[in-house]
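**Q** Structure incoming, see below.
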Amino acid sequence: MTELVLVRHGESTANRDNTYTGWSDVPLTAVGIAQAHQAGKRLRATGLQFGAVHTSVLKRAIVTANIMLSEIDQLWLPEYKTWRLNERHYGALRGQNKDVTRQEYGKAQVQQWRRSFYTVPPLLTPAELDHDRRYTKYGAAVEPRGESLKMAYDRIMPYWIDEIAPRLLDGQNQLVVAHGSTLRAMIKYLEHISDTGIDGVEVANGVPICYHLDRQLHVIGKEEY
């Protein structure tokens with residue numbers, strides 16, 4: 001049996017302020033830092049040993065991962081940072097307050113943007129793209145103007161196939177510290193959740209979710225720590 005642990009980053013300033021974040025690189029709050037320490041302590045109590053940790057290129061996930069690795073005394077582990085594990089890109093909604101958008105566009109429309117598998121949020125214009133050097137080296141197509149959860153799912157899965165799954169098949173436990181929507185996409189895949197069923201899945205900040213996997217990487221058990 002191999003273990004896959006998924007953890008959403010601790011509370012960010014955008015979580016605290018109730019704004020859409022996406023690829024905006026916001027820091028953790030003091031609460032988020034405490035959540036990361038607590039997640040690490042809960043993981044330490046399990047005694048799990050990991051082969052590698054995977055995270056995004058956004059600081060809220062990277063800092064959470066490093067705090068957790070310190071708590072479990074495994075800071076020496078290989079740490080793989082990839083844009084493919086970035087949060088879903090919320091397009092022109094980024095930085096906007098969620099309550100304000102509900103008032104402006106209506107609750108039903110906002111719910112579709114946030115939770116639907118296929119609905120794409122309002123897009124950034126080409127002029128509004130950041131052209132961040134973290135992404136430009138991969139080509140213009142990498143930095144999206146906005147994404148549905150399906151689009152995020154499609155960019156995550158190649159990383160799962162090429163980097164995470166082979167290590168699990170080799171018997172190495174893996175730790176993934178990422179974001180709410182991207183972890184929902186991975187959970188959809190692992191648990192075979194339908195396109196409509198995924199809208200009800202929530203991932204809390206700083207709560208380790210451990211999947212027990214058989215030799216074919218089928219889920220045979222699940223725990224939250």
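Placed from the backbone N, Cα and C atoms, the Cβ positions cover glycine too.
Small disclaimer: the values here were computed from a predicted structure and weren't measured.
Residues or ranges marked as active site, tele-phosphohistidine intermediate in Swiss-Prot (evidence: sequence analysis): H9. As annotated by Swiss-Prot, active site, proton donor/acceptor applies to E87, with the evidence given as sequence analysis. Look at Swiss-Prot and you will find 8-15, 21-22, R60, 87-90, K98, 114-115 tagged as substrate binding site. According to Swiss-Prot, the feature site 'Transition state stabilizer' maps to H179, an assignment based on sequence analysis.
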**Q** Cα distance, K98 (substrate binding site) to H9 (active site, tele-phosphohistidine intermediate), nearest Å?
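**A** H9 (active site, tele-phosphohistidine intermediate) and K98 (substrate binding site) have their Cα atoms 19 Å apart.
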**Q** Taking the Cβ of K98 (substrate binding site) as the centre, how many other Cβ atoms fall within a 10 Å radius?
**A** 15
**Q** Do you know offhand how many angstrom separate R8 (substrate binding site) and H179 (site 'Transition state stabilizer') by C-alpha?
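**A** Cα of R8 (substrate binding site) to Cα of H179 (site 'Transition state stabilizer') measures 5 Å after rounding.
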**Q** If one measures from the C-alpha of E11 (substrate binding site) to the C-alpha of the residue listed as 'active site, proton donor/acceptor', what distance in angstrom results, rounded to a whole number?
**A** 14
**Q** Please report the DSSP secondary structure of E11 (substrate binding site), reduced to three states.
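**A** SS state of E11 (substrate binding site) = coil.
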**Q** Give me the Cα-Cα distance between E87 (active site, proton donor/acceptor) and A14 (substrate binding site), rounded to a whole Å.
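**A** Approximately 13 Å lies between the Cα of E87 (active site, proton donor/acceptor) and that of A14 (substrate binding site).
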**Q** Could you check what DSSP calls R88 (substrate binding site) once collapsed to helix, strand or coil?
**A** coil
**Q** Which has the fewest other CB atoms in a 10 Å radius around its CB: R8, H9, R88, H179, the listed recorded positions?
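**A** Each of the recorded positions R8, H9, R88, H179 was scored; lowest Cβ tally within 10 Å is H179.
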**Q** Would you kindly give the Cα-Cα distance separating H179 (site 'Transition state stabilizer') and G22 (substrate binding site), rounded to the nearest Å?
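**A** It is 9 Å, counting Cα to Cα.
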**Q** By a 10 A CB contact count over all chains shown, which of the recorded positions listed here is most packed: A14, E87?
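**A** Comparing the recorded positions A14, E87, the most crowded Cβ belongs to E87.
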**Q** Please report the Cα separation of K98 (substrate binding site) and H179 (site 'Transition state stabilizer') in Å, rounded to an integer.
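**A** Given the Cα positions, K98 (substrate binding site) is 17 Å from H179 (site 'Transition state stabilizer').
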**Q** At the Cα level, what's the spacing in Å between R88 (substrate binding site) and H179 (site 'Transition state stabilizer'), rounded?
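**A** Per the Cα atoms, R88 (substrate binding site) and H179 (site 'Transition state stabilizer') stand 8 Å apart.
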